[in-house]
Amino acid sequence: MISKIITSIFGSSNDRTLKRLRKRVAQINKLEPAFEKLTDEELQAKTAEFKQRLADGASLDSLLHEAFATVREASRRVMGMRHFDVQLIGGMVLTNRNIAEMRTGEGKTLTATLPCYLNALTGKGVHVVTVNDYLARRDAETNRPLFEFLGLSVAVNVPGLPNEVKREAYKADITYSTNSELGFDYLRDNLAHAKEDRFQRELHYALVDEVDSILIDEARTPLIISGPAEDATQIYQAIDTIIPHLVQQDKEDTEEYTGEGDFTLDLKNKQAHLTERGMVKVEGILTEMGLMQEGETLYHPARIALLHHVYAALRAHKLFELNVDYIVKDGEVVIIDEHTGRTMAGRRWSDGLHQAIEAKEKVNIQGENQTVASITYQNYFRLYEKLAGMTGTADTEAFEFQQIYGLDTIVIPTNKPVIRDDRTDLMFKSEPEKFAAIIKDIQECMARQQPVLVGTASVEKSELLSAELTKAGIAHNVLNAKFHAQEAEIVAEAGAPGAVTIATNMAGRGTDIVLGGNWKAEIAKLENPTEEQIEAIKAAWKERYDIVMKAGGLHIIGTERHESRRIDNQLRGRSGRQGDPGSSRFYLSLDDALMRIYLNEGKLNMMRKAFSEEGEAMESKLLTKVIASAQAKVEAHNFDGRKNLLQYDDVANEQRKAIYEQRNYLLETEDISAMIETIRGDVFNRVIDQFIPPQSIEEMWDVAGLEEALKRQFGMELPIQHWLEQENDLHEETLRERIIDIATQEYHAKEEKVGSEVMRNFEKGVMLQNLDELWKEHLSAMDYLRKGIHLRGYAQKDPKQEYKKESFEMFTNMLDLLKSNVISVLSRIQVRSQEEIEEAQRQQEAMAQAESENYRTADHQAEAQQSESLTEEQLANLDIGRNDPCPCGSGKKYKHCHGSKARYA
């Protein structure tokens, strides 16, 4: 009550903002006469003038009045449309980090041209985000003449574009795209193995259309790129046959002891290691199998992957036991939880271990599907330097927009007053009674030729109501979300006299329902229409328009209340555009989901008794308020859920940003040798610390353990014990320095053999490959941690704090492992010529290429796109030039597609 009194005296925050912006509109209007006098060339020259002023230090805000006046005048000349004052207000709101709530039909597409032009002047790129491909293409083509007249480039980015076309689209001043494609391209960029393979520039300014749909409804939709692991079924099966020929040895070889076995086991850490004797035996068998060439070793750069498979098979046979660690059920290997003894269906061991066990048990070897990159819309759009959005319904979620995204919501007044008649809800006892009342309402509307749009909460309810209308002999259209272009066409015609259209609540957003039908669409269907044809179509439309206006405009019927008031408001907002007449009513029943969920059985029974006759309707403003109150509670609950989940996502998001920043540094930097030197020192110091603690006396040293660790991890055989016996002045620091110096010298000797340029490229390749592999495993581990962390609450611990703490430990451990793996590979690599290291590089590139081709996007909104493809055999029989387009239809050059596969076959 007090807040209402204060608002009535001082005005709301929204009112004060609008008052301030109206003063700026007056300034823009004052410029209009002068801009009308400019020639086309003078008007077009304004763009270059504004860019120069920005380069000279002017701010965007200082250019706003003139820039908006320029766009308005250009729009009048090019498109025949002049921006209303309220559209100028909307444009100013969208220039900064705000959301503009603009009612349906108020011209959001035209309003968007103002902030897009202003922000594009920076040269950093503007992204206009839509909910589907059709709207992205439509809006781009609608506004393209205006932007190109003003000297700005426009492009569309949708799924399926060839890489070069997509890359050019992101270079445009203004790029129209869908939210999902922007997110996937961001992830693809952070999987690229060369900087020239990336698509996006720095994320500068995004203008999100239907912002509530993307940033609220789909906020938790994860964009996931997953890649099947390399299909190595035959290799797993071949190597599985080697293991029975190997003999276990009790302990590892040392200077004093050389065993007769082929491998040793570390039962504590469940690891296996080949002895020198075992290495030679395995290499011999692999050579006989044709998997290796004569004279090659398993540490040859091109054969490291084989060694990985051998160790996986050893562990599978010697360290993992049937009915103890796993069971075989229905032809699948199912892991047994070591703590609970329960099976964990769907879980798989990584690093090829699961496939090795499948080979051991002679069951089908499944490919590994692994998440290689993921991000939520919440976290993706928060990466933009400037973010703005527009929608017809945002005010109910204003608090969430502010809390999560830091965006203020400004309600923009309509150009003409809304005269739609929003009638009170009608409540019925059962769904059949409700449907009967809806059909009666539709029949009455059809009798006076009033168009009707019926909104349903689900496809199932749409089909149910459609069947009832068919029984009643009522012709109608049903919308589904499968074909966006046709959907928009049907919605555009939904305003024709007597038209009946059933749609799910969200269907057709972004397309206006024009009373009388869409005359522009009729003209567009004609090839080279004459003036007479155009005038005839307009005249026929005017007659239909008058009929619909007389009938009361578009009538909206809601078949039930949605959990969110915003969705209901969106449905209502389809009617009464730009001062047109219209009406709306919601029909409810006690069988509706909202009533069943939020009213207990006692209250429902009481309400059922209140209905005395079949078909009787209960109408009450109090009932409408009660339902609105229930909806507000649901919205608050959903917001708390999204906010809670975001707090968990933020932890992974910070780690993702750190990894991607490091990855981009690797791609941008030609020489990372200084980084490798630093990492080498860190890794060797950490290994030495395990056996020779800092500031310790010699009696505390485990010299034999250090010698073995250096040999196992880095392939270095150093006589440390002999040094200590011969040199009395050798202490901890000097010993540490000597070991690192020898490692560095050995590495530099390899570099001299192959050349520094080749070694630099190889270092980057090893670093990127290990970073990507460990990041994939880390994502899986984080997912497992997230799923079980809530159980910490039973131990009186805060799950969020525990998650932050453990995920940070996992992240630092991953970084330590990354350093160790990189230095281990670089230290153990055996090179005798430049050709060998280049072959290893080519294998890395081939693996990266194969991965990028195998990545699949998993998005619950994405539609399956089927295309005919040529078989490998057909491709092999074609005479194709290396630089010709690949005939598979990928859009890539043959050498980068199936030509690449043939090369590495």
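In case you wondered, yes, glycine gets a Cβ from its N, Cα and C as well.
D512 is the residue from D441, D512, D546 that Swiss-Prot records in the ATP site together with Q87, G105, E106, G107, K108, T109. Neighbour density at the Cβ, taken as the number of other Cβ atoms within 10 Å, is lowest among the binding-site residues G105, G107 for G107. Ranking the binding-site residues E106, D512 by how many other Cβ atoms lie within 10 angstroms of each Cβ puts D512 at the bottom. Cβ neighbour count for Q87 (ATP binding site): 27 (other Cβ atoms within 10 Å of its Cβ, all protein chains included). Between the binding-site residues K108, T109, K108 has the most other Cβ atoms inside 10 Å of its own Cβ, all protein chains included.
The maximal spread of the ATP binding site, taken as the longest Cα to Cα distance among Q87, G105, E106, G107, K108, T109, D512, is 17 Å.
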